Structures are given as C-alpha cells and as structure tokens.
Amino acid sequence: RCLLKMVKGNIIVPEDILSFCCNGLQGSTSPPRAREPGEREEAPGAMASPPAAHNPTEVQMSQLVLPCHTNHRGELSTGQLLKWIDTAACLSAERHAGCPCVTASMDDIYFEHTISVGQVVNIKAKVNRAFNSSMEVGIQVSYEDLCSGKHCSICRAYATFVAQGPLGSKVRLEPLIPQTEEEKIEYSIAAERRRMRLVHKDTLKDLLTSSPQETELETRDGSGAVPAERTRVESVELVLPPHANHQGNTFGGQIMAWMENVATIAASRLCHAHPTLRAIEMFHFRGPSQVGDRLVLKAIVNNAFKNSMEVGVSAEAYGQEMSVSRRHINSAFMTFVVLDQQGQPRTLPMVAPEPGDGERRYREASARKKIRLDRKYLVSCKQTEVPLSVPWDQSNKVYLSYNNVSALKMLVAKANWALAREKEKVRMYTLEEDKFLSFRIEMSVCIPASRAFSLLSNLRRRHEWDSHYVSAELVQKVDDDDMIYHVVSQKLRDENKPQDFVILASRRKPCSKGDPYVVAFRSVTLPTHPARAEFTRGETLCSGFCIWPESQEMSKVAYYNQAMPGYLTYVTTNVAGLSSDICSTFEACEKFLLKNKEDLISRLQD
C-alpha cells in the first residue's frame, strides 16, 4: 500500500520508504519527503547496487555449515550438499526458462575435500546452454573458512534440467547467448557433454562385450570375502510436503540425499567403519514422484577393489495402493573409501557376489571403474594435463572424441586472437599463451558449408591441396563421426626422415543454428601402428577446421593449430612475413574446394 500511496501527486519511491522505515526505527515520525517533479533520483552510496552479472541466469548460494548438517565426524553430509547443489541449479534453470523446471540428470561428481562445521559452502550455478526443452547448468562448489579466509574448491558438477509447462508438457526454450570467453567455452562444449551422456550406456555395453577379460571375477583367494548380500539395504521414505519443491514433485536433491544415506549404510556393512564418499556416477531421473508417494531405496555393494568400493543404489516409488507396481525413478553408483588416521585409503575386504545378477553387477562395476578413470582423466582434467598420443581403445573412444572436439572448441572460443598477416582474402591470427603459440587462418569461400565440411574431414584427400601431406591411410573407422588415420608428411627442416602421425579425426555437424561444422584432429597411439625407424613420429595436440555458413553458397573456413615445438619455427617464420607458405597452402585449399564444388555441380547436371 505504501508503494502506491500518493503524496502531492508524486509516487513515493523505495528509497523514500527505506528512509521512512529507518527514521521510524530511530524514533522519528517525520513523513517521507515527496520528490519534486523533474527531480533526479540519487542512489545513496551505501545502498549502491552491485554490477550486473554477465550471465542473467547466475545464482549464488552461501550456506553456513551447522551441526545439524553434519555426520559423526563433524563434516558436512554429502546428502545435504547435494540438496543445496540441486536447489541452486534449479533456481538458475528457472531463471532462464521462466517456468518450473525438473532435474533430469546429474553428471559425475568428484569430491575433492570435506567441509567442517563453521565453514561456509559457496555454490555458483548458471545455465551453460539451452537446447530445445532441456538445458545444462554448470555448478561450482567451494568452501570458505571464515577464520583463516581460506577458499578451496570442493567439486564441479553439470546438471540437466527440463522445463515443464501445464500438465507436465515440455516448453521450448529460448537460446542462451554467451557473453564472456568462459561462457562461450562452456556453451560450445555443452553440446559435446550432451552427446557423451546419450551414449553412456552404449559405452558400458561395448566394453563388456569387447573386453570380457577385464571384467572377470576375482581369482585371488577369497576365503575372507564378504558376501555381497550382507551389505544389502532397503529403506522406505514417505514423501511429505517439506520434501517437495514448489511444483509439488519430490525435490530431486532430497531423493539424492536419501540415496546417499542408504549407500553409506551398505558401504559401512562391508568395511565395519565409517566410509567417505569420493565420487558419484551420473544420477538419472526416469520419472517424477509426488507428495504422498512411498519411496523404496535399495543399495548393495557391487564390487570392492583394493582401496575403494562401488555401491549401486536405486529409488522406486509407489502410492497408497500396494497393488500398483513400483515405478523406478532413479539410480546411481557411488564410490566410497575408508580413510585411516593419516587420511589415506585403507585396504578393503573382497566381495563375494551372488550367482546371476550379483555376478553381473560385479562385472559391470569393474567396467564402470575403467570408464570412470578414462572419463576423469580425459574429460575432467585441463587440456594441458592430457598427454599427447593417448592410447586409443574401445572403452575410451567416447572420451577421446570428446576431448578432441572440446579442445578445438576451447581454442576457437579464446578472446585474445591478434591479426598477424593479411594476404588478399586470407587472414592469419595468432594467440600467445604461457605454453603455446596457436595460429588461426581463415577466409570466405563460395561453397556450401556442408560440402566444405565433407571435403575437409576426409584426410585421404588432403594431399590434393596440402603439399606437406604425402599420404593418409584410413586405419580404423570408429563410427560415422570418428576415424583414425596414419599420416605421412614431408621432411621438416634439419630432419633427414619424413614424419608420420597417428591421428584421430572427429567431426561434428552443428547442434543448433549458429554452431559451426567442426573437424578436430589429435594424436593417439595404436598397437598396430608403433613408431618405425624410417619415420620421425610426430604429434599434434589440437588442430582442425571450423566452418560457419555465411549464406547458402558462402562459408567462412578457419583452420586452427596449437603449434608443437617441432613445428614452431615454421609457424613463426610465416607470422613474421619471412614466408608465405601457410597462406599459399590455404589458397590451395580454396581452389580445391571450388574445383570439387564445380565437379559436384557437373555430376548433378549430367
């Protein structure tokens, strides 16, 4: 009523109300001063608004860890942390969608540290990218010690949310426009993470099929093994209004917390100690539950390795009627360790699985462990920490492909490219970083982007325009988007032998309007193609093409390369203008594209 009150024809503004309230608290009964017509508003310095965030979807949450949030060790319960993470992520998603959102999945989470009573948990969540009706939200979690001022990272997570309209209908989302360099990188790589989520089940199935020797049952003396059935836990929870979100559905964070609780009990039954949760493999919500539902939570230790164990946990829902079948709404796999007094992981007893499903879960746990190691090493770490020529095999193909494409997209999104040379239509840019000198060379070509993409992604034709290439043999077709080639190139200066490379070529079509066609290259190793005496084995960390449609018949073609030490002199010579070899090669690339475009038109006319 105060906001709408009129004083001498002027509306009282919030600053006046604040002044009135403060004066009232100090015993003043003076009415607020009405602003004269035309008078400019002056914001008091003490109440100045903070600068607007670049991303309007960003949500920040700070929570003081109280004794009620902790376990027996005085450390923040992981279940409570999951609730806070899910809350912040949901609020960020709803800022972008403008309507209710539900959690669809939560990617792998690796917990780096524990948090103690009295410390502050800081959570930052923002939408990285919006697809049709789903969006990826990135979450950063850190803790702050108020006494020492120390800040430390806890984990990083990615959650997928789905926007819902009336009666649960899907809502088409507006695209998100990234502003900063960091946001552009996350936006670009979000499409790769989405692709990886969709093939996760196929990756596990392929590993179990192609590598059965890696998932055989334990052959050591198992006299001290604990039967897996002894670790089984089943618990029921009644969903009450405090457990539901503002839409009436069971809060996703609450379900995750209940699942973590039963998983911890199962792990404790194996080790007879208090375990510590180290990692969670993807939560996947298969359906909703509502207030009044009964949730049955089940957990069992699937496998115990030397210093860690995997616990499988699931959640099923049913209503009051027992005759109605249970609905499987969520499942996850959690990795626990038991720490000694020095904080080091203890050796765990072995698990004896039950025949049938128990043995299947045992084998799958071994396969998931390998997948987790591949994913953590190739996906979670920084690009500069991934070694060159990572061994390629069937189990890590998805993550190598992800790493290959995301590395190029990260290079493309960098903001500090500087124009170094311009020769007719060809422009050359450089990017100087701590460890690398990268270059980008681009031009516009009169060819449809899809046709340029098809031609440039085939390395067997690169020798037609790139004089450095002698030959490229297709060694293995991994799938429609990934190929492995053995490439032979010309001799470098001061070298008496030609170079050879084993290269993974990963190609991607645009995920949505505005995305480029991508062809990414990186070195891998194959046992069938070891280094040979007649060649100098070369390596490439990150290179490839990005092709943007400018019209139906015009495309911008850009080539990126993160120069390796052996290639550095060649690059700097061209940057300095002492050679035009790179520009000439790219001009030859244009002629190759135009020639093959005309050949295609001629064939269509014939």
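The backbone N, Cα and C atoms fix where each Cβ goes, and this holds for glycine too.
Per TrEMBL, these features apply:
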COMPBIAS  33-43  compositional bias 'Basic and acidic residues'
DOMAIN    55-167  domain 'HotDog ACOT-type'
DOMAIN    229-342  domain 'HotDog ACOT-type'
DOMAIN    417-576  domain 'START'
REGION    28-54  region 'Disordered'
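Here the domain 'HotDog ACOT-type' (229-342) has, by DSSP, the following mix of helix, strand and coil residues: 26 helix, 53 strand, 35 coil.
Across the residues of the domain 'START' (417-576), the predicted structure has a mean pLDDT of 88. For the domain 'HotDog ACOT-type' (55-167), the DSSP-based tally of helix, strand and coil residues reads 25 helix, 54 strand, 34 coil.
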